[in-house]
Amino acid sequence: MIGFRRTITLSEIRRFKRFGQCYFSVRTAASALEWSESIIPSLDSHTYGKLLRRCIGQNDPISTKAIHCGVVKRGICLDLFASNILLDAYVKAGFAKDALNLFDEMPERNHVSYVTLSRANACEDPVGLYTRLHREGHELNPHVFTSFLKWFVGVDKAEIGWWLHSFIVKLGFTSNAFVGAALINAYAVCGDVDSARSVFEGILRKDVVAWAGIVSCYVENGFLEDSLKLLSRMGMEGLMPNNYTFACALKASIGLGEFDYAKSVHGRILKTCYELDPRVGIGLLQLYTQLGDMSDALKVFSEVPKSDVVPWSLMIARFGQNAYCDEAVDLFIRMRQAFVVPNEFTFTSILNACAIGKCYALGKQIHGLVVKGGFDLDVYVSNALIDVYAKCEKMDTAVKLFAELSNRNEVSWNTIIVGYANLDEAEEALSLFREALRNQVSVTEVTCSSAIGVCASLASMELGAHVHGLAIKTNNAERVAVSNSLIDMYAKCGDIKHAQSAFEEIETKDVPSWNALISGYSTHGLSREALRIFDVMKESDCKPNALTFLGVLSGCSNAGLIDEGVECFESMIRDHGIEPRLEHYTCMVRLLGRSGQLERAMKLIEGIPYEPSVMIWRAMLSASIDQNNNNVDFARRAAEEILKIDPMDEATYVLLSNMYAGAKEWANVASVRRSMKERGVKKEPGLSWVEHQGGVHYFSVGRLSHHPDMKLINGMLEWLNMKAKRAGYVPDRKAVLHDMDGEEKDKRLWFHSERLALAFGLVRMPLSRNRILIIKNLRICSDCHSAMKVISSIVQRDLVIRDMNRFHHFHDGVCSCGDYWDITTKSDKLIGHDKTVQLNLKIERDHISMSAKMSSSSPYGGVSARNASLA
C-alpha cells in the first residue's frame, strides 16, 4: 500500500490559481475533500485510475490530492496501474518532490514508473536512476531510451548521451526512428555533428521527425550549406517538410544570405499552410526584417498568431534597429492594447528604439512601466535605460541608475563610458574606463574602441598606445571595430604611418576601415595618397559610401586638386547613385572658392536642391575675403545669409573684422567689434597644447606668467628668434590684424600660442624624441607656418601641428601641405566642419581648473577649442 501522505497548504491552493487553465479557491479544495470522504469504499484500483485520469485531463491537481488522501485514509492499496497514473498526475501538476517521494514508496515499479518520473526532473542523478532501472531488471525499450535522452538534454547533461548510446547499440535500437531522433538531438546539443549524422544514416525508416532533427542539428551548429543539401535530399525522398523543417530552412538561408532562396521557402510555406505556425512565423519575420523590408514584415506579422510576446518583441526590436522609432512605439502601444504582457526583451527593445530616436519623454514613461512591472532589477533592461538617458544627454540620471545597479556587467560599463564619450566629456569617460579596469571588468571590443576614440579626441597618443596594448592583451586588437578606432586615433594623433600599419593588419576590411584611412591621409594633406587608396577601395569588395566621398573631397579641397575633386563629386552622383549632402557641397565650395572660381562656387550654392547651411555660406565667405580673391560683394552676400540663419554666429563677425583689418579699414573693424559687444557675441581665447609625460600643458597667445617653466620657455623663444632670423626668417606683419607699429607686431607674432608650446617641447622633451606634436584650436597663421618651417631645419626635429583644418608636418624646412592652405583668418569655426575632417575639438570652459587638477603623473588630459579671438 502506498502510505505517502501530505497536507495541502493554503499557499499551495493559492498557487493552483495560476496553474494551467483552471482556477481554484479554498471552497473548491474543501468540496473536493468532502467528496473524497463520500467515496464508496468498494472502489477498486481500476476505478481510482479512471478518476485520476479524469483529474489529469481536467488539469485538476486539487482533486488529485483529495483522491490520494481518501486512498490513504481508507488503507486502500493501489495496484501498479493506478500508482503509475497517480505518479503521472503529480508529475504533470509540477509536484516534483512529491512525485519522487511517491516513487520511492511504491511497493512495485516497472519501466513506465521510471519513464514517468524522468519527466519530472526531480532526481538529481539521472544516470543513477537509469542504473537502478537496469539493475531491477525492468524492460528497456525505445520509449525508455527516448525519455531518458530527452531528460539528459533537459537538465543540460546531453554529453552523457554517448553513454546511453552504447546500451542502445547493444540492444539493437539504433535503427529505430524515435530513438535515433532523440540521439540526434542529444548530439546536436553537444555540437557533435558527425555522431549525429552517423546515427541518422543508421535509421532504417527515416520519418519527418528524424529529418527535422538532423537538419536542425546542422543549422544550430553552423553547417548551413550542408543543412540545405539535406533539405534537398529530403524532398527527393518524397517527404514533405513540417513546421520545424521550414523554420530551419529559413534560418539557414538567412544565415547564408540566400534571401531569394528564403523567399522561395516562403512560397512553399504558403502552399502547405504553415504560415500560421509560431516557429515559422518568427522565421519569416526574421527574413523580411533582416532584408529591411518592414512593409512585408508587417504583412507577415498581421498573419502570425500574436498571443505570444515573441513576435511583438521581435518586430519592436527590428523597427528600432532600422531607425523606425515611431513605428516601434506604435507597435508597443498596440501590444499593450492587445493585453499581451511585455517581458524583459520587449522593454529592452522599446528602450533601444527610444535611445536611437532620442525620445526622452517616452523613455521616462517606459521607465515607469519597467518599475511597475518589476523589471528594473534586470541588468539588460537597466542597461537599456542607462543608454536612453545617456543618448538624451541626461547623464546625471544615467549615472544615478548606473550607481544603483548592483549586478553590473561589461555592457553597463560600456554604456556609461560611451555616453560620456559621445558628449565629448573625455575626462569622465577615461575616469570610468580606469575604474572599470580596477574592478576587473571584462574588456570588450566596445570598451577598447570607446577608450581609443576618447584618446583620439584628446590627441593623446601616449594613452592611446596604452589602450592599444590592452586591446592586444585582451585579444580585441584583431576586432574590426577596434582596428578602425586605432586607425582614426593614430591619424588624429599625427602618426599616419601607425594608422597605415593598423589598417594593413585588418584581415577583413569593411567600409569604415577604408573611410578612416582615407580621412586620415586627407587630414594630413597627403591627398594624392588618399586618392590612390580610394582607387584601391573601388577595386575591392567594399563599396564607397557618402562618408568615403566626403573624405576624398576634403583631401582634394586641402590640396587644391580641382579636376580630381570635380570628377569625384560627379562620379559620386553618376556612378554610385549617392545624393550629395551639405558636407559634400561645403567641400566643393571650399575647393572652388579657394581656387579663385568664386562665381562657379556661387552657382553651385544656388543649385543646391535644399536650403544651404551656415557652414556652406561660411566657406563661401572665407573664400571671398581671401587675399587672392577679395570679393567684397560675395563676402557681403555670404555674411548676410549666415546672419539670417544664425544672428549670433561669431565666426562671421570674425571674418568680416579680418576682411576690414586686411584692408586697414580700422573704423569698420571697430564697428564690427562694437556690434558683437552689443549683441553679446563673445569669443573664447585660442589655445595650443602639448602632451608630455601624461600631462597636458596649455598655452595662449602672449600669456606665460602662469607656467612654472616661464623663464626656460622665454629663453628658448629668444634663442629660436635669433636663429630663425639668421636663417632668413622675415616676420609677416600682415598676419597681425591690429593697428599697431611694426615692432609691436613682430613681438606679438613671436608669442603666438603654438610657438610657446613648441618652446616648452624643446625645453622638456629629450632629443631622443624626434617628433613634437602640438594641437591648436585655430588654423595656423601664415607667419607661424613660415617660422615653423625654418625652426624644423634649425632644431632638426619633426614638428607636427594639428590645427582645426588639417595636419602640418614640418621636416627640414618643408611642410607637408606644400604651402597650400587658407591663410585668410585665424578662426576655424570658419571652414572645415565636414564629418571626416572635423577634429572634435571643443574648449572646456573650466580648462583652467582642469589644468590645476592634472599632475605630471596623470596619463591623460587635454583641452580643445573651437573659437578664435579677434587677435
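Glycine residues also receive a Cβ, built from the backbone N, Cα and C atoms like all the rest.
Not measured: the values here are computed from a predicted model.
Features as listed in TrEMBL:
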| type | residues | note |
| --- | --- | --- |
| DOMAIN | 728-821 | domain 'DYW' |
| REPEAT | 79-113 | repeat 'PPR' |
| REPEAT | 207-241 | repeat 'PPR' |
| REPEAT | 308-342 | repeat 'PPR' |
| REPEAT | 409-443 | repeat 'PPR' |
| REPEAT | 510-544 | repeat 'PPR' |
| REPEAT | 545-580 | repeat 'PPR' |
Remote residues contacting the repeat 'PPR' (510-544) - C-beta distance under 8 A, at least 6 residues beyond either end: 480, 483-484, 487-488, 490-492, 494, 496, 499-500, 503, 550-552, 554-556, 558-559, 561, 564, 568, 572, 576, 578, 806-809, 816-818, 836-837, 839
Helix, strand and coil totals (DSSP H, G, I; E, B; other) for the repeat 'PPR' (545-580): 27 helix, 0 strand, 9 coil
Averaged pLDDT, computed only over the residues in the repeat 'PPR' (510-544): 93
For the repeat 'PPR' (545-580), sequence-distant contacts whose Cβ falls under 8 Å of one of its Cβ atoms, 6 or more beyond its ends: 511, 514-515, 518-519, 521-523, 525-528, 530-531, 534, 537, 587-588, 590-592, 594-595, 597, 805-806, 817-818, 820-821, 832, 834-837
